[in-house]
Amino acid sequence: MESLTQYIPDEFSMLRFGKKFAEILLKLHTEKAIMVYLNGDLGAGKTTLTRGMLQGIGHQGNVKSPTYTLVEEYNIAGKMIYHFDLYRLADPEELEFMGIRDYFNTDSICLIEWSEKGQGILPEADILVNIDYYDDARNIELIAQTNLGKNIISAFSN
């Protein structure tokens with residue numbers, strides 16, 4: 001399993017890492033959505049990473065956690081980016097009622113926080129993003145789950 005670990009000393013570095021990550025994802029053309037699972041405790045920096053990704057590729061507005069709305073949609077550079085937060089999800093079947101599978105059948109990017117709440121409904125992740133924090137610093141580990149995930153990690157080295 002290919003992986004990459006990055007030390008993130010502060011918020012600025014998290015935003016910069018997010019920008020690079022998004023630039024890599026935007027260059028990929030796929031038949032289906034690129035699935036990115038964002039893992040970490042409350043306050044670990046999942047939404048901050050997402051903000052860095054979105055603002056780094058041109059989103060001008062606020063980026064808020066979709067804790068209450070379940071999903072926030074962004075159309076940037078001709079690509080749909082969906083940011084899901086499943087923290088408040090009581091039952092994975094709720095995802096079926098909202099038509100979740102429609103989000104995954106296009107050339108889009110799906111960033112999913114608390115993916116374990118959608119177990120059995122969500123497709124396999126292409127890449128896992130594990131965020132651990134220590135005081136103000138973070139460690140981000142990217143773990144490839146598919147060949148596409150391996151390509152994403154390889155692109156970080158270029």
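Backbone N, Cα and C define each Cβ position, glycine as well.
Because the structure is a prediction, the values reported are computed rather than measured.
Summarising the annotation, Swiss-Prot assigns ATP binding site to E11, G43, A44, G45, K46, T47, T48, D136. Counted within 10 Å of its Cβ, the other Cβ atoms near T47 (ATP binding site) come to 19, all protein chains included.
According to its DSSP assignment, E113 (Mg(2+) binding site) is in a strand. Look at Swiss-Prot and you will find T47, E113 tagged as Mg(2+) binding site.
For the binding-site residues shown (G43, G45), fewest C-beta neighbours within 10 angstroms: G43.
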